[in-house]
Amino acid sequence: MNSTPKAVVIFSGGQDSTTCLFQAIQEFGVKNVEVVTFQYGQRHAIELEKAAWIAKDLGVKQTLIDTSVIKAITSNAMMEEREIKQEGNTPNTFVDGRNALFLLYTAIYAKGQGIRTIFTGVCETDFSGYPDCRDVFVKSMNVTLNLAMDYNFNIRTPLMYLTKKQTWALADKLGAFDYIRQHTHTCYLGVEGGCHTCPSCVLREKGLNEYLSEKTSGQKNV
């Protein structure tokens, strides 16, 4: 196999995974980065469309993996037309086992391609109560995958301890601020450009406004 270090990014076409993609490209070079996108039965096709467009636009190979069988065994607001709300400690947008599945399938693919580094955009700081976005889960999954496949994976989570404001700052540092602002999709309701009301849109816009305010203030003080 090619000895050149390569990376694969778990990629949804959203703000976080696109930021990770730019990070991977900066570190490994665009020719050595691939993305894996999952069709898991999400309510809106726009997520898959955005992911495909960005991958093509940036010139990275995209592999689409169908894990929609999960719809037959779990229920949530990400895959069904229902009101988004908090249910106990976890919002009903949480998809049981999703990130575990994503990491498992990505690892299987990565090993076949001779890739050891996997990027995922999960974040514990603004994680909305999703247990599979925690650092302890990712580290546990990394160990499990290494043991399961007798292969040394390195799961990278560059956003793990960043707030959304800091994620926007990282995008700016990577030279991708405008690109991510214009081309990524985050809305739970599938609205192009965002609905401005769902938890995901609110978190994204709050972080954006905080970063722009801080950046403007910093420029004035120079």
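Here the Cβ of each residue, glycine as well, is placed from N, Cα and C on the backbone.
What you see is a predicted model, and the numbers here were worked out from it, not measured in a lab.
Residues annotated as ATP binding site in Swiss-Prot: Phe11, Ser12, Gly13, Gly14, Gln15, Asp16, Ser17, Thr18, Thr19, Cys20, Leu21. Residues near Ser17 (ATP binding site) in space but far in sequence (CB under 8 A, at least 6 apart, same chain), listed by position: Val9, Ile10, Phe11, Thr120, Gly121.
Cys187 (Zn(2+) binding site) carries neither a helix nor a strand DSSP state and counts as coil. Cβ neighbour count for Cys187 (Zn(2+) binding site) (all protein chains, 10 Å cutoff from its Cβ): 20. The Zn(2+) binding site annotation in Swiss-Prot covers Cys187, Cys195, Cys198, Cys201.
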Densest Cβ neighbourhood among Leu21, Cys195, Cys201 (binding-site residues), 10 Å radius: Leu21
Pairwise CA distance, Thr19 (ATP binding site) versus Cys195 (Zn(2+) binding site), rounded so that it is a whole Å: 21
Cβ packing number for Thr19 (ATP binding site), 10 Å threshold: 26
